[in-house]
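Each remark here refers to the structure printed beneath this line.
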Amino acid sequence: MSQATPAPEQPAGSTAPAPRRDDGIEARAQGALREMLTSSWLVTVCALVLAMVISGVLIAAADADVQDAAAYFFARPADFFSAAWDAVWGAYVALFQGAIIDPTASTFTRAVRPLTETMTTSVPLILAGLGLGIGFRAGMFNIGAQGQIILGAIFAGYIGFAFDLPPVLHLLLAVIGAAVGGGLWAGIAGFLKARTGANEVIVTIMLNNIAIYLVGYLLSTKAFQREGSNNPISPPVGGNAEYPLLLGSGFRLHLGFLLAIAAAVFVWWLMSRSTLGFQFRAVGSNPSAARTAGINVNRVYLLVMMIAGSLAGLAGSAQILGTEKVLTDGVAASFGFDAITVALLGRSKPLGTFFAGLLFGALRAGGFAMQARTGTPIDIVLVVQSLVVLFIAAPPLVRAVFRLPSAGGRGAAPELSAPVVKEAAA
Amino acid sequence: MSAVAAPASRPGSFAGAKPLAPISYKAPIGYAAVAALATLLFGILPESGRRTTFSVSTRDDFFQIESFTVPSKATALLLCLAALALSAWTFQAARTRRKVGIWLPAVYAVLLIFALLTWAVAGKDQALPLTSLLQGSLFLAVPLVFGALAGLLSERSGIINIAIEGQLLAGAFLAAVVATITQSAYLGLIAAPIAGALVSALLVAFAIRYVVDQIIVGVVLNVLVVGITSYLFSTVLADNAATLNSPPRLPRIDIPVLSQIPVVGPVLFKQTALVYLMYVVVIVLQVMVFKSRWGLRLRAVGEHPKAADTVGIKVNRTRVWNTILGGAVAGLGGAFFTVANGLAFGKEMTGGKGYIALAAMILGRWSPKGALAAALLFGFADNLQVVLGIIGTPIPSQIMLMTPYVVTIFAVAGLVGRVRAPAAEGVAYVK
């Protein structure tokens, strides 16, 4: 299987040049309008709207009141539409109140708690998404964030509960352990790709499954299982190894959020300012050309995977040292897979990934509130997420739906497009 | 399969022959290392004096075979030594550049598996039921076989199908709902392929019409199908479980005469219609993919689309229809989870089987019979863990469950022979 060949430094989507004639303000305004309509962020917004509309149809279809009203649709269609509107609006309002701010709450603390929950939930998504983004830009499709998060959590968790160390040192060691664990696990895939050309998609999928059974096995051993418990659960991590809370005990928001911001800055510096990042991007654009230019491509494969894995491992530390505090076989939830959609939505760029992580964190945090208040299952969030990414990947579809002017190309967004057979290909 | 040497690979056979590739001892070393490890674990380290009992016959057979008991340590040692001898033979074959047939890894695997079984149930009172072990393995391999064939159909045409998981899940969902509404398991079996084909249709729509990276579409479609089916499960199905989600079970059909042959009969011919359908699909595809005009075109499009286009084959049309056909096959496999077991649909009930099917396809080197063999191996590992769990064994179940994935990693890393994907896989074709 060949990988995506992302075109790293193209301004996404805006290939149509704005007209730059000095015919007066009107022409320039038209040019600006045209640029706005063909820009990629507008596609992103439209894709989000489209995804929420389609999910809205699903919400309405599953609503009992709507089904009742549909039974006499031709007699009183207005009933049907108002019932559908109530169902969808109610669900999305609950989602918003659960994700951003809840104006109906009794105290200020409760009103802003949803926002902090969104930030807390987004930490593993951002960290793992940043790692995957590096891989995508280096032309490696790493599906293994799930396994790397688990390995990070195993390492951090073990250091957290097996030792008793002074405050700062304990946390530091546990966090480093998480990065090492995730990095080594991903490193297997990088090593095999470099040495034998083994396809990283398959290897990382397999490593995900192995990691799930590995944590299950470890939790049945004496070293990991909580004393006196028959369940696969570890002892809680020591207080010194936990991430300190940022806003006091009323909120779950922890230091991991600042770590995620720092990681985003680091990834920006790595990919845009360092020689190593340049090599990563060069290999992603064209491995053969990179090799000819003297870049050690195999070393790049290994390093990309190890750095990506370390970031996913840090995501695991956010789970075990920040929110969960104990190791279970569900410690990674589905963050590893969600992070793939985060990286894709963020177009593999650090800033984009950061905001995409916040958005999907909000959907997740709000989804729980929505489920509790309106009974709409949180699974609908998965539908929204996957639809957003599908639409982002196919801008012509979104433009056609919203009647936006075309941006020139007829294919996918450059970062997400498939390699194409070229006329001059040897 | 014969182990005939290709004439061109004999050194100095004729002038102007291509220079020979360097001899690789990777595979022989791999074989030898595993066999040596097995010899140590099963043949040398265990304490002697224990015995292992295997039972073979079932009640309805023409004639009964007595269950037999063997001394554990000596038997395991003998089997492992035979495996070691085979490894030695691969060294010799590699040195003389002879190709080894598919029989070698097969015999090697059987030897080691029997050594493992002999060791695992050593000293237990209960006999290891060989026949039901194989019967269950075949049953558990069903979704893997269908999934692997689905992957094969689309990947041979050049479309990477990561969405097998989603196709299985969609098939399982629709099969359960249709079978419950109509109260007929067979109608569920007919509905399942439609769901799988729909997922495939989405895959090709984005991969070909909008030239989106195929791996990305596949991964995202898996999430989408999980989202939609879980959502409908928690809303519509949960409220009306009796009327929408309690499918009847597909009945077992015993084929007359054949089903009474000892061992073979119960394993192969006391199964459901879905399993018989699987035999048909594997045989038909094995013949059609390699011997028919359709198969030739399919492979041409996946290997060199430009050449195929030049001779007038519609590249993208071929890809669309074969991928959709593949989706239908995977959807059929999805019916395994619900109607074949008589189980209600549950959230994410395919549990990663689609990814194992993908692995089976790769391990089977993109051929139907290879996919069947690999899927059977995975099904066996799956079922062995269940059977040994009942008898009680020294191996943790997680380690058993991990094995297929580890084997796959070794396979793609080239230790179990070379695997090569269709050349144009994942590459969009735009005129």
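Backbone N, Cα and C define each Cβ position, glycine as well.
Feature annotation from TrEMBL assigns transmembrane segment to B:28-45, B:74-91, B:103-122, B:134-153, B:160-179, B:185-208, B:215-238, B:273-290, B:371-391, B:397-416.
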Would you say the transmembrane segment (B:160-179) and the transmembrane segment (B:28-45) are touching, if the rule is that at least three C-beta pairs must lie under 8 angstroms and be 6 or more residues apart? no
Report yes or no: does the transmembrane segment (B:160-179) come within contact of the transmembrane segment (B:273-290), defined as 3 or more CB pairs under 8 Å with a sequence separation of 6 or more? no
Go through B:134-153, B:185-208, B:215-238, B:371-391 and flag the stretch with the largest number of C-beta pairs under 8 Å relative to the transmembrane segment (B:273-290). B:134-153
Near the transmembrane segment (B:74-91), which residues from the same chain, at least 6 beyond its ends, have a CB less than 8 A from one of its CBs? 25, 27-28, 31-32, 35-36, 38-39, 42-44, 46, 48, 52, 100, 104, 107-108, 111-112, 114-115, 118-119, 122
Residues sitting near the transmembrane segment (B:215-238): Cβ under 8 Å, six or more positions beyond its termini, same chain? 160-163, 165-167, 169-170, 173, 177, 199, 202-203, 206-207, 244-245, 345-348, 354, 426
Which residues of the chain, 6 or more past the ends of the transmembrane segment (B:371-391), have a CB below 8 A from one of its CBs? 106, 109, 113, 117, 120-121, 124, 126, 128-129, 132-134, 136-142, 144-145, 148-149, 152, 282, 356-357, 359-361, 363-364, 397, 400-401, 403-404, 407
Other than its close neighbours in sequence, what residues sit by the transmembrane segment (B:185-208), given a CB gap under 8 Å and a spacing of at least six beyond its ends? 150, 154, 159, 161, 163, 166-168, 170-179, 214, 217-218, 221, 224-225, 247-251, 273-274, 277, 316, 319-320, 323-335, 338-339, 342, 428
